[in-house]
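Student: What Swiss-Prot records for His63, His92 is heme b binding site. Taken from Swiss-Prot, the feature domain 'Globin' covers 2-146.
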Amino acid sequence: VHWSAEEKQLITSLWGKVNVADCGAEALARLLIVYPWTQRFFASFGNLSSPTAILGNPMVRAHGKKVLTSFGEAVKNLDNIKNTFAQLSELHCDKLHVDPENFRLLGDILIIVLAAHFAKDFTPECQAAWQKLVRVVAHALARKYH
């Protein structure tokens, strides 16, 4: 994947403003609420029976932060995303059996969360760079499936 200097700048400058705990929790909660079939991968998280329960669930919050923290590794390693996510791809494919389509869904949700949090800074150019990034990350995570 080739990243222009502008794309790299747009991604890293926005990332510097992201509250990983809050945005990660919101992104995962939205995924579980908007796409309820994804909840089956999180049965050990306890009560996911309603949007209120999901939003207030500390395990959802903690895992959302973990997910977005690992996304930060992509931001730091834009030129080596495939290798950055090799182990996570293996885990999600071989052990967790996560449908790779869920990676794309989470990427789309992350775009919505970023747009909501950074409306003024989330220009069309910024969105284009982030769409490319979430697509590349989703592809890297799905790599072990192919």
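The backbone N, Cα and C atoms fix where each Cβ goes, glycine too.
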Student: According to DSSP, how is the domain 'Globin' (2-146) divided among helix, strand and coil residues?
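Tutor: For that range the per-state counts are 116 helix, 0 strand, 29 coil.
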Student: For His63 (heme b binding site), write down the residues of its own chain that are at least 6 apart in sequence and whose Cβ falls under 8 Å from its Cβ; none is a fine answer.
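Tutor: In sequence order, Leu28, Phe42, Phe45 meet the Cβ cut-off.
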Student: Please work out the mean pLDDT for the residues of the domain 'Globin' (2-146).
Tutor: 88
